[in-house]
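What Swiss-Prot records for 49-151 is domain 'AB hydrolase-1'. The active site, charge relay system annotation in Swiss-Prot covers SER122, ASP146, HIS296 and rests on similarity to another entry. Among the features that Swiss-Prot reports, compositional bias 'Basic and acidic residues' is placed at 343-354, 379-393. The feature region 'Disordered' is assigned by Swiss-Prot to 343-393. Feature annotation from Swiss-Prot assigns compositional bias 'Polar residues' to 355-375.
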Amino acid sequence: MHFTRTLFNQVASKASRQLPVQKRVQMAYDLHIPNKTVNPNLNIRSHEPIVFVHGIFGSKKNYRFDCQKIANVTHTPVYTVDLRNHGQSIHALPFDYETLAQDVADFCEDHGLKKVNLIGYSLGAKICMLTMLQNPDLIRSGVIIDNSPIEQPHIEIFLQMFVKSMIHVLNSTKIEANDSDWKRKADDAMKRYIPDGGIRKYLLANLINKVPKGYKSPVIDYDDGFIHFQNPVKHMTEVAVKNVSAWPTEKVAGKTFEGPIRFIKGTKSAFIDDAGKKAIAGYFPNHSISEINATHFILNERPLEYVRVICDFIKTERFRSLQEHLRNVEHFSPSEIEAKQAAKHAQQIEELRKVTSTSESSIPHSTQSSEQAFTENIDLARQEREHQKSVSA
């Protein structure tokens, strides 16, 4: 009896705790390195990395296969992150767009990432848009999947249902961690609130019956013998609804991001409506929109299509950037411009060549792909052009 009361008191004490406030967190992440390119003679890996940010109650593991495909096709390292209160990242407040966007910017800074291509879905889409607006020099381009930079109070009822269904699984069923049928029982319990099997699968992907090695939560007792979500859902009933549907309009008033942005809209989704399109045009003048026949859950319903749109966009923008670099190099003539401009250009070229002179073996595995210099692409293109001229001659 004493043991039972002690255990109960420990569980109750932890459940009553509040999420700690932590301004800065180190997000858990996976790095997807591109395999050999389709052409064995072109072992090029861009130094403009991709960072993929998931949606509410998602995680870096949800789209690991998709992100590996993106890495392979674009020859680009892809970082997938776990936002705070998701996956293997820390459980902490605040949980608002300003804090989450700063988490992404801090992640890029901590890992030495520059000219980043951001990809964000749903909650992650808004986070990426805000990151671009607040850190334009850090971001090269972006792909925004089915969301708009506006307040969306109409989605709160769905967010409330998500939270309620997850808490119901924990409170009403009390499924033991060693129950061999725990996944089916959890799915059955969630049907009361979420009849759609695809959405249940998405939410239940966060459910675990044993804690990841070395992970601890300040508010969840993973060792109490029951199944748990990796998200502190009982402590997110407010922030996962009101804060997710919000948008910091006043904070970004007058701000724009001039880089290329591709929006992916689900034709059966209301997340990018007329008001959203108007806001998009105001914040992101250099944007385009692709439509995919899907609901808001595009990534689960049309994985091949959204991956194709992303890869085509990244490769197209890289080609345009390469052409611009080539024009700058070809038109460079020290005798025609001031000496100061010539010295500055030479310094930039030398810095790029220093990066490429570093051997792969001396670069840490987690960063070697993201530090490859863009001059490799320039040299390759020039060689190809010279070859074509010699053939035509």
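Each Cβ is built from the backbone N, Cα and C atoms, and glycine gets one as well.
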Residue counts (helix, strand, coil, in that order) that DSSP gives for the domain 'AB hydrolase-1' (49-151): 37 helix, 22 strand, 44 coil
Suppose you look only at the domain 'AB hydrolase-1' (49-151); what would the mean pLDDT be? 97
Which one of these active-site residues, ASP146, HIS296, has the sparsest Cβ neighbourhood, judged by other Cβ atoms within 10 angstroms? HIS296
Check the DSSP secondary structure of HIS296 (active site, charge relay system), expressed as helix, strand or coil. coil
